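Asks: Before I ask anything, here is the structure I am working with.
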Amino acid sequence: MKLSPGKNAPDVVNVLVEIPQGSNIKYEYDDEEGVIKVDRVLYTSMNYPFNYGFIPGTLEEDGDPLDVLVITNYQLYPGSVIEVRPIGILYMKDEEGEDAKIVAVPKDKTDPSFSNIKDINDLPQATKNKIVHFFEHYKELEPGKYVKISGWGSATEAKNRIQLAIKRVSGGQ
């Protein structure tokens, strides 16, 4: 069974959760073996502020699926799939190049708590600060690794990025 980006992409997309909110372990999905593997324990004394995964059936220029941070008030199990609404994008680079993160919330039917959040600017500033702080610092103690944040993008920018990443898989770009 091959998981798709979602029937209503880019407005609502599937996210395969790799890392639960609160974890200090970086898990990664191994496509060849179809399992989630431990990549590493974070070197810093930090935990992922929200659930983290990727949109299946997408491809970024670096060859990886498009990363997503799913804003919830609870942990999601690694390997679970949740339908989300993209609300923005965090532009950043790391030691390997561009590594933007889509920011999303559960679709309204899954969790109506986030129905008022339509765009990144609808998130509380404290939540955005927490996200930026995490990504600016989570690799600090790892030799040769770094992250540089360049800013936020809107829900429209996030959806455009998703469409482009889907086209890369389907041969459109």
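These residue numbers are counts, starting from 1, taken along the chain as shown.
Glycine too: its Cβ is placed from the backbone N, Cα and C atoms.
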Asks: If I go by Swiss-Prot, which of ASP11, ASP99, ASP108, ASP111 binds Mg(2+) 1 at the same site as ASP62, ASP67?
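Replies: Answer, per Swiss-Prot (Mg(2+) 1 site with ASP62, ASP67), from ASP11, ASP99, ASP108, ASP111: ASP99.
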Asks: Could you state the whole-number distance in Å separating the C-alpha atoms of TYR52 (substrate binding site) and ASP62 (Mg(2+) 1 binding site)?
Replies: 18
Asks: Tally every other Cβ atom lying within 10 Å of the Cβ atom of ASP62 (Mg(2+) 1 binding site).
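Replies: So the Cβ neighbour count for ASP62 (Mg(2+) 1 binding site) comes to 10.
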Asks: Could you measure between ASP62 (Mg(2+) 1 binding site) and LYS26 (substrate binding site) for me? Cα positions, answer in whole angstrom.
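Replies: Approximately 19 Å lies between the Cα of ASP62 (Mg(2+) 1 binding site) and that of LYS26 (substrate binding site).
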Asks: For ASP67 (Mg(2+) 1 binding site), just count the other CB atoms lying within 10 A of its CB, please.
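Replies: Counting Cβ neighbours of ASP67 (Mg(2+) 1 binding site) within 10 Å gives 19.
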